[in-house]
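A short worksheet on the structure shown next.
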């Protein structure tokens with residue numbers, strides 16, 4: 001049954017203040033949330049958009065220790081960087097605060113105390129890893145070791161970043177402390193737990209029966225958790241950074257970040273509206289919508305609702321539109337590996353192109369499955385869609401109006417059937433876009449908005465007003481009137497998606513404001529209305545610009561490979577006599593050329609001190625022939641001849657293979673006589 005609400009509270013997952021925001025965050029959470037909020041505002045609905053930085057937790061303390069600074073220094077640096085980046089990118093929060101604020105500390109403490117006083121927690125003693133050298137308990141991220149699944153080194157106590165498997169600290173092979181490097185021991189510690197099993201019955205009814213409209217990925221993950229049976233979850237941990245547990249006997253313990261962070265939505269609202277914040281969180285006529293990534297589904301659909309229900313006075317979320325993950329050039333985005341497109345760097349590299357990234361991220365939104373961002377696709381969507389379709393139509397309509405009517409909107413004359421069909425097409429767009437936005441299908445909604453521009457381009461191409469200018473100006477006026485009405489509709493339809501471009505278009509059209517209710521109308525611009533000078537809405541992005549971004553990623557990949565380089569294991573021992581069978585010599589390269597129809601092969605003529613011999617080597621992708629002429633190389637002289645591409649090769653040139661697959665020919669450190677033995 002359709003529920004009617006007076007207002008909507010929209011939250012977006014609090015970004016972790018231990019690094020900048022990247023495109024995965026934008027595609028998964030912030031762009032869709034901003035589209036939805038802008039849409040509601042255009043409809044004149046009462047909406048509040050809440051954001052803020054999550055400033056507690058282990059990764060922040062780890063970074064602080066690595067850099068030799070305080071956790072507060074870390075969060076101060078990244079909170080302001082993230083906030084500034086969001087502002088420049090057009091994420092239109094009503095408030096963007098932080099969980100280190102006094103308001104948040106007070107509200108989170110009060111929330112915990114109320115649940116504690118109501119008997120909603122249980123106390124449990126458990127064993128946890130302890131660093132005897134550092135004299136502290138180790139949280140998940142303070143423990144590293146070998147992953148039991150893929151056997152890569154450096155897996156964390158909660159997850160292996162190599163294979164993505166969720167782990168427990170005790171799963172790791174050869175665990176060690178990230179603080180001291182020593183082997184940790186198990187030690188008893190006491191913590192408070194939220195007994196989720198106590199809430200399982202009502203959660204099952206509330207989610208599985210009352211919210212079947214949730215996205216399949218959200219509904220499915222919740223059902224999986226519920227079917228496995230919910231377990232008590234710790235709400236405190238041993239750490240010196242965070243909100244102290246506000247009860248006696250809790251010295252050295254803070255609220256677990258998963259408990260503290262979602263309360264940040266409420267405290268940020270209170271900071272903005274100290275006198276009316278409860279209306280947005282406790283009134284049943286308020287709709288609560290959480291925008292999150294899939295790694296936060298359990299916290300926002302099961303844990304946080306259980307907290308709110310246990311407290312007793314808060315509303316529960318009505319919808320939790322969670323996205324899957326966005327990958328980058330076929331690889332998982334990773335902060336620790338620097339494999340990301342960072343928002344603040346994008347804003348520097350592409351000034352004035354916020355909407356291009358918004359458009360591409362929405363077009364590739366991982367709404368139902370993981371999706372991939374590539375720089376080539378970014379360029380193609382800009383050049384082939386924003387420039388060639390949307391921008392081209394707007395520019396043609398505006399320029400032709402300037403040329404034939406001095407920039408004034410011409411009156412529409414008698415309409416032919418094709419005019420009426422075109423007007424009918426774009427009048428239907430409002431209902432379709434609205435239907436899609438209401439169910440959080442932002443990718444399809446944007447595609448529908450772009451169809452308006454396609455309609456306009458086709459209409460201008462079919463009617464060819466430039467050919468009628470000498471014979472039928474009334475008809476030209478009608479065509480351009482209809483085209484300009486389409487342009488005005490585009491400005492409204494794209495405002496939630498491309499706010500910067502819509503604002504520029506509004507100024508070009510000399511319109512006062514936008515109203516969603518006007519979308520689909522064919523009289524937005526009255527006859528005689530003066531337009532401003534047309535400008536290009538979008539610019540073509542050249543290959544060199546994209547190649548620079550791709551190279552930046554390749555450099556990152558190379559740096560990661562070098563940092564993680566590990567030599568291959570030494571092979572089994574051989575007898576000395578077996579080694580002595582190899583005759584390794586130094587030869588001087590006399591000639592070198594590519595082997596026809598063979599991408600990898602070079603043909604050498606080598607002076608081996610006794611005669612000239614031919615050797616074929618698979619190093620053509622690593623050296624140009626002229627680089628090796630005159631050089632001395634090491635080769636195996638007594639290898640049985642072998643025919644390659646019709647050429648008899650009389651030996652093997654020795655090369656060292658780097659960790660990136662590149663080859664380096666083995667050469668003597670100083671010149672020796674051709675034929676010298678390598679011993």
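Cβ coordinates come from backbone N, Cα and C, glycine included.
For the motif ''HIGH' region' (15-25), the model's pLDDT averages out at 96. Residues or ranges marked as motif ''HIGH' region' by Swiss-Prot: 15-25.
Residues or ranges marked as Zn(2+) binding site by Swiss-Prot: 147, 150, 160, 163. Cβ contacts within 10 Å of residue 150 (Zn(2+) binding site), excluding its own Cβ and spanning all protein chains shown: 12.
Summarising the annotation, Swiss-Prot assigns motif ''KMSKS' region' to 332-336. Sequence-remote contacts of a segment are chain residues at least 6 beyond its ends whose Cβ falls under 8 Å from one of its Cβ atoms, and for the motif ''KMSKS' region' (332-336) they are 19, 22-24, 161, 164, 325-326.
Sequence annotations record features per position, and here Swiss-Prot assigns ATP binding site to 335 based on sequence analysis. If you take the C-beta of residue 335 (ATP binding site) and look for same-chain residues 6 or more apart in sequence within under 8 angstroms, you find 19, 22.
Per Swiss-Prot, the feature domain 'tRNA-binding' maps to 578-679; the stated evidence is sequence analysis.
The Cβ of residue 160 (Zn(2+) binding site) lies under 8 Å from the Cβ of 147, 149, 150, 152, 167, each on the same chain and at least six residues away in sequence. Shown in sequence order, 148, 149, 151, 152, 155, 161, 162, 164, 165 are the same-chain residues outside 147, 150, 160, 163 whose Cβ sits within 8 Å of the Cβ centre of the Zn(2+) site. Summary: among the binding-site residues (147, 163), the fewest other C-beta atoms within 10 A of the C-beta are counted at 163.
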